[in-house]
Structures are given as structure tokens and as C-alpha cells.
């Protein structure tokens, strides 16, 4: 049991590190927004919905909801803080119409989280509380990890990985693998299932990268690394329309 607990902790730490990279990746996008003082054609929806995912996952990981998942709570708490900054920056520089839309969506997201938290605390106890919060967190985690399907379709269609940055795909793979192992070792399906899904999609992305990395594809306009990462992140985070822990 000592070895299992040690591995559980190690995979949790590694999962925190890889998830942090994913949360910080949009910094390139927001650097551009601040410099141009405009959100241009970027969507604020992925960041608001990722915020909801982080809040729900962080709540699920708290000891009084789900024991032995504190590492899930810490990284998603950090992610919630980072996403909150992104959303506030977006609102500050968005056009008036978009500003109102994202602000209203932010209030809705906070209301949904508050409802889940209140119901779980006031009406549910023990396993019922864990089940309720786990299902809510799992749904949004799967949606988050499922968003790279749009990238996969684009890569296959164009035979180009121009808009699927390698390191982003790598960290999606590593993040999913780490938290999948963490969930299995902790016998927690609400962590293992969505991250197993993410691990599988990350694997597919890396395989496609290996197949098409030397092909130019159908695009004639050459993109800079920053452009590719920005577009990649927008697509990777787009059902985060939720819009993608971790978990």
C-alpha cells in the first residue's frame, strides 16, 4: 500500500505541473490582446467555461467532498485564479456588445458553481455529495478534453499540423496520462474517466503529429509560432464552448 500511495502522490504532482502549463499557455493570446488593446476575433467563451470547469473540479477535490484528492483541488484552484484573470482582461478590452455577453456568462457560471456548492453542502452528505459533485466535474472535464477533436479533423483534412503545436499536444497527453493514473491509483472514476479520455485524445494528436509533421498541408500563409499556439489554444479550449482536471 505504501508504494501505491507514493505513486498516487507522484502522479498527482506531475499532473499539477502539466496542467499548469495548459493553464498558462493562453498568456501569448492575452499578451497580444493587451498590446493591441482589443480582443480582435478571439472568443471569451472558452475562458469563462474553463473557469467553471476549474471551480467544479477544485470543489470536488476538497476533503469534505472527496477525500485523498487535495492535489486535484490545488491545481484547479490555481487554474480558476488564472482563468479569472483571463476573463477580466477579456472583458476590459472587449467591444461593448461582447463585454456584456461575457459578463453575463460569467455571472451565470458563478451562479451554477454556487448552486452546485450549496446543494452539495446543504442537501447531500457522504457518498451522495461526492457522486453529485463528481458527475458535475466529470461532465465539464470530458467536454474540455473533447475540444481537440476540432484540431484532429483539421489536421486530417489539411494533412498539416500547422495549427496543432507539438508541445501543446504533448502536454495534453502528459496531463491526461498523469491524472488518469492518479485516478486509477486512487480508485476514483471521476478523475480517471475524463482524464483517460484526454490521455487517448492526446495520444491520437501525437500520432497525427508524427504522420504529418513534415507535410506543408493546404495552407499557403506561413504562421509564426505565436500565431500557431494562439490558434491551437483557441481550438483546444473551444467546448470549453466548454467550450479543454486538472481535473
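Residue 1 is the first one shown; counting continues down the chain.
Note: Cβ is positioned from N, Cα and C throughout, glycine not excepted.
Nobody curates TrEMBL annotations by hand; they come from automatic prediction.
Within the set 191-212, 213-234, the record from TrEMBL flags 191-212 under the feature transmembrane segment.
Sequence-distant contacts of the transmembrane segment (105-125), counting only residues of its own chain at least 6 positions beyond either end whose CB sits under 8 Å from a CB of the stretch, comprise 44-45, 48-49, 51-52, 55-56, 59, 65, 87, 91, 132-133, 136.
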